[in-house]
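J.: What follows is a single structure, and I will ask about it in a moment.
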Amino acid sequence: MLYNKLQDISEEEIDSLLNRGGELTEVKSQVEPILTDIRNRGDSALNFYTKKFDGAEIEQFEISPEEIENAFHKIDEKLIRNLKKAAENIRKFHFAQLPEKLWFIEIEPGVELGQKFSPLENVGAYVPGGRASYPSTALMTIIPAKVAGVKNVIMCTPPGADGTINPLTLAAAKIAGADHVYRVGGVQAIGAMAYGTETIKKVDKIVGPGNVYVTTAKMLVRDKAEIDFPAGPSEVLIIADESADARMVASDIVAQSEHDPQAVSVLITTSDILAKEVKDEVIRQSAAAKRHEIIDKSLENSAILITDTVQSCIEFSNRFAPEHLEIVVSDPESVLEGIENAGSIFVGSYAPVSAGDYASGTNHVLPTAGYAKIYSGLNINHFIKYLTIQKITKKGLENICDPIISIAEEEGLYSHADAVRLRFDH
Ligand SMILES: NC(=O)c1ccc[n+]([C@@H]2O[C@H](COP(=O)([O-])OP(=O)(O)OC[C@H]3O[C@@H](n4cnc5c(N)ncnc54)[C@H](O)[C@@H]3O)[C@@H](O)[C@H]2O)c1
Ligand SMILES: N[C@H](CO)Cc1c[nH]c[nH+]1
Ligand SMILES: [Zn+2]
C-alpha cells in the first residue's frame, strides 16, 4: 500500500491511481472472441463457456418459477425479512427519483411545450457471482427498473460448478420483480443479453456491475444494446481529518478491498497521526479478515496520502472521481460543497459504504475507474426516456414563424419554411 505525502509521490504513482481501468483494455482481446462466438453459436456457445469458466454443465439456462419458489424454503426467515427491508428502502428511494409523469409550460402565447416519460421495454440485469454472490445487486438493478415501469426485466448470474444459484439471490430476484432469471454469467451472459440466443431474448439495455471481463464485455456490445456505464471492481476514497476514528476508516478500506484483487481504496487526510493509525489498523484488520488473500492483493493498488489542507483533499478526490466517497471531517458540509465527481457520497462516521451497499436505499451500482466524472450511478433515468410534446395554436405558430422561416431559408431547407408559410395561405 502506497503511504506518503501527496506532494512527494511520483508521477507514475499518481498516474496509476488516477488512470485506473487499464485492465479493461488489457482483457479486450480475451473478451472479443467470446462475444463473437455467442453471437454466432447462441446457446451452444453459452454451454461451452459456462463449462469453461464456471465448471457447470447446464441443461436448462432459465430458472423455473418452482425453483425460485423453493429457494425461499432454503433461507432463514429472518434473512428474508431483512432482504425485504432492504428492498423496501431501495424501492422508496427510487420512487422518490421518479420525475413528473407529464408537464407543460407555455413558452409564449399559443405555444405549449411539455414532456412525458416512458419506460424501456426489455432490460437485462447482470448480477455478479464469481468471488462472492450478490443478492443485494439483484435488488439494486431490478427494483429501479420495475419502479420505472420496465415490462420485461431479465436477470443473469453465474452458476456454481453444480449449476445452482445462491437461494438468496433467487429470492432477491423474486422480491425485486424479475420476469426471467438465467443461470449464466461473465462475458457469455452479456453477449447473450445483447445479441439474444435461442433461450435468452435480446434486451434493449444491460445494467449491473461485474469484474473486468464483464465490464469490458458491456462496453463492447454497445452497438447492439445500450449499457448503464462501466461498473467494475469496487473503489472507495475517504477524505478524513483528525476527528475521524482510525478503526472505522480502516474497516471501510478493508470492506471494499474484499470484493476483488483489483479493488482500489484511498485515504487522503490532513492528519499524520490518523494516517499512521489507519495504516496499522488496515494491516491488523486485513490479517484477521476471512478474505485476506483478496484484500492483500487489492491493498497493493491502494494508498494512504497525507496533505496539508482539506482543499487539496477535495481537489485530489475530484481528479480521482471515486465510486464511493466518504467524508469524515469536522466540517463535512464545506467538503460536500466542493465535491464534483463521485458515484455516491457517505457523510460522517456512521455512514459506512456498507450501508449503501445493502440497505439504506441508495443504489450501489456505481461508475468506477474514474467514470464518475461523466456518469451518474444507477437510477431511474437509466430505465426511462423522455418524450417532448408541443401543442401550438395558429396564433402561436404565427408568433414563432419569423425565426422558423428565416433560419430554414438560411439553411437552404426551403420546404421547411414553406411548411409553415402554407398554413397561413388562404
Ligand atoms: N461498481 C459497482 O457498482 C459494483 C457493484 C457490485 C460489485 N462490483 C464488482 O463486481 C465484481 C464481481 O466480480 P466477480 O468476479 O465476483 O463476479 P462476476 O460475475 O463479475 O464475474 C464472474 C465471471 O467472470 C468470468 N471470468 C472469470 N475469469 C475469466 C476469464 N479469464 N476470461 C473470461 N471470463 C472470465 C466467468 O464467466 C465468471 O462467471 C467485483 O469486481 C466487484 O468489486 C462492482
Ligand atoms: N460495494 C459494491 C459496489 O462497489 C456493492 C456491494 C454489494 N455487496 C456488497 N457490496
Ligand atoms: Zn461492497
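Counting starts with 1 at the first residue shown.
Cβ atoms are placed via backbone N, Cα and C, with glycine included.
Unlike curated records, TrEMBL annotations are generated automatically.
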J.: Name the one residue among ASP204, ASP296, ASP357 that TrEMBL lists for the same substrate site as SER234, GLN256, HIS259, HIS324, GLU411, HIS416.
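T.: Within the candidate list, TrEMBL flags ASP357.
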J.: What does the structure give for the C-alpha distance between TYR126 (NAD(+) binding site) and SER234 (substrate binding site)? Integer Å is fine.
T.: 16
J.: In whole Å, how far is ASN211 (NAD(+) binding site) from GLN256 (substrate binding site) when you measure between their Cα atoms?
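T.: GLN256 (substrate binding site) and ASN211 (NAD(+) binding site) have their Cα atoms 14 Å apart.
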J.: HIS416 (substrate binding site) to GLU323 (active site, proton acceptor): how many Å between their Cα atoms?
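T.: Computed Cα spacing between HIS416 (substrate binding site) and GLU323 (active site, proton acceptor) is 47 Å.
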J.: Write down the Cα-Cα distance for ASN211 (NAD(+) binding site) and ASP357 (substrate binding site), rounded and given in Å.
T.: 17
J.: Check each residue in the chain of HIS324 (substrate binding site) that is at least six apart in sequence and keep those whose C-beta is under 8 Å from its C-beta; list them in sequence order.
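T.: Once residues fewer than 6 apart are set aside, HIS324 (substrate binding site) is near SER234, GLU235, VAL236, LEU237, GLN256, ALA342, GLY343, SER344, ILE345, PHE346, VAL353, GLY356, LEU366.
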